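Have a look at the structure below, then the notes.
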2 protein chains.
Amino acid sequence: MDYILENLLSEPLTPWLSGSGPEGEIVLSSRIRLARNLKSQPFPGRASAAKLGEIMAELKAVPAELMADDGHEYVFVELEKLSPLARYVLVEKHIVSPNHVADPKNRALVVRDDASVSIMVNEEDHLRLQCLEAGLNLTEAFAKATTVDDIIEATHTLAFMEHIGYLTACPTNIGTGLRASVMVHLPALALTKQMGTMVAIATRLGLTVRGLYGEGTEATGNIFQISNQVTLGRSEPDIINNLNSVVKQIVDKERMARSLLINETPDVLADRVWRAYGVLRYAQSLSASESLALLSEVRLGIDLGVIDEALPALFNQLLVTTRPNFLQNLSGEVALNQAESNKLRAKLVRLSLQGN
Amino acid sequence: MDYILENLLSEPLTPWLSGSGPEGEIVLSSRIRLARNLKSQPFPGRASAAKLGEIMAELKAVPAELMADDGHEYVFVELEKLSPLARYVLVEKHIVSPNHVADPKNRALVVRDDASVSIMVNEEDHLRLQCLEAGLNLTEAFAKATTVDDIIEATHTLAFMEHIGYLTACPTNIGTGLRASVMVHLPALALTKQMGTMVAIATRLGLTVRGLYGEGTEATGNIFQISNQVTLGRSEPDIINNLNSVVKQIVDKERMARSLLINETPDVLADRVWRAYGVLRYAQSLSASESLALLSEVRLGIDLGVIDEALPALFNQLLVTTRPNFLQNLSGEVALNQAESNKLRAKLVRLSLQGN
């Protein structure tokens, strides 16, 4: 089943990047993450190497359990057996976290053939189960996560306490262990300088807004992750409904900002997005952040019907293929320096756009 | 013979913009200008309207005299009979000077069908005769100017004094009345910050370096006019040889700078010129100065074989078609505002580049 891993590393397009799904022109993907721990073992941060090994050994059975339920193929990947580069490609594809690969010994990943279900083993918790859907579809992602969770709970005894809920390594995850998040593309709110207000409102409503690559990263490409902060004292449906309704409001605001741009300053908008397209189509060197910024403008142009030469899926695909480690993986063994990486990135973007 | 004027106003490509000619990848054109005055009349600056009318009347015979010699068609155009816009198109095409059209009453233009010979009547002097050639070809331009001068002198008595030479309204033109100039494209010297030194050297050698549109204009598009300062006390061949040899040295320096760019930093150069091409090809709004700057980079890319999608002649053509008044003339009666003009310019550039 190495081909699953192989595809995951070399194919740019995971299904949740297909550009389809509800509100797909603004919401790229929806994600549900559940934090779970085995009752019989200490949390990974306090576990010895031997204990971590025992946890891995117990959870090796999970792929077979899941396969029996949905018929999809699942693979159990020991991170230590991957090259450092392969690990970073998985980070760029949002399949594992930077923390998870930082010390790969006794860490593993369970992943479904289409990458829409994955479980980090021995990250901060024993199990970090993640389900992804294209567009705004938290309900479907949660339903899928619940199924996976139930299957695991049927065979493994999890750390759970009446009146509190699931126990987790970090108190901020205790209770439901649930993090619901969506990845949204908000170029018009960014262009019209409304993101500051938007972040403040979301924060007051118990949500966190971050950049594309998790905490501390800037929102390059105008792509933001919006997720719940509170996991304790609220039911799962409450958490999901709250996030869902705030995201819908943000989507509306983004739509209004887009209407404003296309109606009030159509020429300025057209000039801006076509210039971005022109630079992407002909540049011979592109940094990761410049290409994200330009791709964001082009995607806005596609969404508003100004640019008709490229497809939404292409934009989403390029979000992944222009990442440094994905590029390095493409180019094979020899380590790329910055200039070479920027050159390869520009070539890849040119080829993609000319193929349209 | 209105079609000559018609072509002059609507066709972008005058022969000296063909992009061919000696050193044609750096020297766009060579120009010889002779200042001449009728002996019997006061200089235009001191002449009454009646006197200016008399001068016009006498010089109306010139087209027929020239036609008899070279078989080309010539037209006598009274500037007052042209629309203001048409006059400014002639300025942009370097056929008349801004001063000449400032007060069009009793001013005229004699122009050959291919625009390579023209005479401003009642500019600063009674006759300002101009001959243009593509590339670095001052000798040919001077030979042509001498022929025209001889034909005029055979029928009209000119203001000339032994030991001094031709008398002119401004003392800086006295003697030969000759201004020899070349229009050069020096993007590599500009990019490598050598233009300051170049201008200083040229000035020490008795030459003047100016921007594309005469005194006081900046060198947008890295296009410079280099001309002689001294007209008195040196023979015509001396003046021309001096300019010719300095220009050849500047051309060599530009070639060296280009070699350096293409050999030392080929990736940086390729990225730069292709980005300029991408913006020109897709922008929806372009100011006159931005388009000149971008066209300059693209032309450099063409000359160095980096860009293979556009022809040198196209670059030269766009130098004219992107000028504000030429654009206005293209668009017909309705006056364009800045935004409309920038939009039309971008459209014209896009169509030109996509046609390739």
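Using N, Cα and C of the backbone, Cβ positions are placed for all residues, glycine too.
Some features that TrEMBL has for this protein:
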type	residues	note
BINDING	B:29-33, B:His94, B:Arg128, B:179-183, B:210-215	ATP binding site
DOMAIN	B:26-257	domain 'Phosphagen kinase C-terminal'
Please name the residue among the binding-site residues B:Ser29, B:Ser181 whose C-beta has the most neighbouring C-beta atoms within 10 angstroms.
B:Ser29
Looking at the binding-site residues B:Arg128, B:Arg210, which sits with the largest number of other Cβ atoms within 10 Å of its Cβ?
B:Arg128
For B:Ile32 (ATP binding site), nearby residues of its own chain (Cβ under 8 Å, 6 or more apart in sequence):
B:Gln130, B:Cys131, B:Leu138, B:Ala141, B:Phe142, B:Lys144, B:Ala145, B:Leu178, B:Arg179, B:Ala180, B:Ile240
For B:Ser181 (ATP binding site), which of the three DSSP-derived states applies: helix, strand, or coil?
strand
